[in-house]
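Quick notes on the structure that follows.
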Ligand SMILES: *Cc1c(COP(=O)(O)O)cnc(C)c1O
């Protein structure tokens, strides 16, 4: 990209500036939008540069790959928060609970139950603080691409049978003592024009608003949506967590 900043510090500044503008344009406070730097495939030395530039939220999509990075950062004493943004297999729930501060990609009731069990075991063995809960987001597939993970809700809250199934799962998930449901996450279809992602983001926000009405005991604050190519559109539709990789680290 011509004129694209050379250093990671400058790229962080540029992305923050874009977030600020998008928020202002939408009449939102940019403090309500958290930049999650997606560090997958990148080594700790590069990740340290975004952290040095003030980024404290880091996203990884695989448990195995995250493990060494999390360990490295724990040794350096940097206070960062690790976000799991990729599909999690249930047999890795235990490791994931030990690594991540929040899981964006909870895509089934069974996975939620596995995470809850591991949180409670970690509390019992004093690896976690008593009463500590793992924050989670529910990954929703509103745009219906066959390859996309998430609770299937093609068309968003207009999908009656999908809504019924989702509400049933939510009822069970909010009762799990080791978890704290905080909101929703989605991945928009890959499109050339970011405007084409808008309907997906809007459906997720409308779903969040509907869930806030139907399940008011949960604080449905977080909307994790938007990546390098479309985060400004996502912010205009209410994103509170944007997951940005390539705009910070370059092409993978
Ligand atoms: C890789 C990834 C991102 C970041 O994508 P970029 O296009 O590099 O910004 C965001 N979310 C998820 C779930 C990812 O896997």
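Indices start at 1 and increase along the chain as displayed.
Placement of Cβ uses the backbone N, Cα and C atoms for every residue, glycine included.
Per TrEMBL, the feature domain 'Alanine racemase N-terminal' maps to 16-251.
Following the DSSP three-state reduction, the secondary structure of residue 40 (N6-(pyridoxal phosphate)lysine) is coil. Contacts of residue 40 (N6-(pyridoxal phosphate)lysine) defined by a Cβ separation under 8 A and a same-chain sequence distance of 6+ are given as 59, 60, 61, 62, 65, 86, 245, 252, in order along the sequence. Taken from TrEMBL, the feature N6-(pyridoxal phosphate)lysine applies to 40.
Regional average pLDDT for the domain 'Alanine racemase N-terminal' (16-251) in the model is 96.
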